[in-house]
Amino acid sequence: MQLSAGQTTRASAFTGQRVGVHAVARPGAAKARRTMPAVEAKRVAVLGAAGGIGQPLSLLLKMNKCVTELALFDVAPLVKGVAADLSHCNTPVQVSAHVGDAELEACLKGCELVVIPAGVPRKPGMTRDDLFNINAGIVMNLVTACAKYCPNAILEIISNPVNSTVPIASEVLKAAGCYDPRKLLGVTTLDVVRANTFVAQAKGLDLKEVDVPVIGGHAGITILPLLSQTVPSVTFSDAERKALTSRIQDAGTEVVEAKAGAGSATLSMAYAAARMAESTLLGMQGEPNMFECAFVQSDVVPGSPFFASRVQLGPEGVAKVNGLGQLNEFEKAAMEAMLPELKAQIEKGIAFAKNPPKKE
Ligand SMILES: NC(=O)C1=CN([C@@H]2O[C@H](COP(=O)(O)OP(=O)(O)OC[C@H]3O[C@@H](n4cnc5c(N)ncnc54)[C@H](O)[C@@H]3O)[C@@H](O)[C@H]2O)C=CC1
Ligand SMILES: O=C([O-])CC(=O)C(=O)O
């Protein structure tokens with residue numbers, strides 16, 4: 001999983017900070033490139049744009065030099081106000097608003113990247129799987145529309161439970177005859193963002209230099225930070241490794257509890273999704289060394305048809321799914337423990353999509 005020679009770092013289009021798991025110079029990595037490639041026309045949609053994630057994510061995309069058109073969709077009419085508000089920012093991105101299923105076509109036509117944070121968030125005491133009954137149908141409906149109106153777009157799914165909503169999306173796309181596994185990604189970037197932050201804090205490292213790959217899925221014990229592969233190389237005591245792993249796995253719950261019933265992570269998620277979208281857009285533009293961890297169709301772990309690991313992003317989405325590298329004994333045990341849960345959540349999504357509840 002280590003980056004090899006020639007894999008470079010890149011400055012964010014909107015913050016100037018380095019982006020991507022690739023951001024940290026691993027041994028042998030080439031010198032950072034800081035020039036932007038020529039901007040190509042890119043229409044990007046956010047579905048669920050009036051929500052807690054959708055609003056700040058849309059702002060960050062309005063600031064992104066890779067984006068030319070931003071199409072905002074929600075079932076809530078508030079999305080019109082969000083678009084009006086954003087349209088006053090003096091960046092060149094053209095913003096449009098679309099409300100309700102009847103406007104999905106107008107939203108999605110011509111889109112090359114669609115980011116989906118539509119759905120309900122957790123409240124204290126809930127697991128991500130408790131969101132399945134509502135969010136499964138929402139994702140199914142939206143991905144059905146993507147298959148119809150932008151069948152070649154790259155889809156990035158944020159809506160939880162990601163371990164099930166991504167398999168649902170794959171089945172919908174297969175049934176529509178337009179499934180391309182390179183173009184369907186579950187967004188797990190927030191796990192990497194959190195792991196980098198917590199490890200930097202615990203070890204007194206420069207935040208910009210820390211890179212921790214996070215593999216598996218996006219719920220509880222299926223979130224597995226590979227602390228042994230942290231860059232720069234650091235050592236952890238058994239107690240530190242256990243505590244950091246648990247904190248990264250439970251970080252979503254930490255925010256859900258702090259928000260006390262008013263939702264889950266929105267700002268850090270918008271930040272993470274904006275980073276993922278930027279890496280994806282740069283990959284689409286031909287930038288050669290874009291790497292992020294994402295939950296994708298994978299044969300890296302036998303028996304788990306989807307798995308989060310580091311992927312290389314290219315003109316068509318996922319260009320390569322990397323292997324896991326060397327795991328230590330703690331990580332091997334955590335991997336064994338997670339697999340039954342991850343596989344069950346994947347199968348639950350597939351079963352739902354193959355036999356969806358009848359609409360009344
Ligand atoms: N992948 C990840 O790392 C993370 C995922 N999430 C998930 O993201 C989702 C959204 O979270 P928030 O933005 O905080 O929720 P929110 O409730 O603030 O916003 C959701 C938005 O989706 C809209 N919506 C609902 N049904 C829709 C439909 N059929 N079509 C279009 N829009 C629809 C709502 O009107 C609302 O504006 C949740 O499922 C949450 O669990 C949250 C944080 C991290
Ligand atoms: O915890 C939640 O429900 C939202 C989420 O996925 C996260 O913050 O990682």
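Positions of Cβ are set from backbone N, Cα and C atoms, glycine also.
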Since TrEMBL lists G48, A49, A50, G51, G52, I53, G54, N135, I158, S159, N160, M269 for NAD(+), which candidate among D74, D129, D250 does it give for that site as well?
D74
Of these binding-site residues, N135, S159, N160, which scores lowest on Cβ atoms within 10 Å?
N135
Please state how far apart, in Å and to a whole number, the two most distant Cα atoms are among R122, R128, N160, R194, the recorded substrate-binding residues.
18
Just counting, how many other CB atoms are there within 10 A of the CB of A50 (NAD(+) binding site)?
23
Please report how many Å separate the Cα atom of H218 (active site, proton acceptor) from that of A50 (NAD(+) binding site), as a whole number.
23
Per DSSP, what is the helix/strand/coil residue tally across the domain 'Lactate/malate dehydrogenase N-terminal' (43-186)?
66 helix, 28 strand, 50 coil
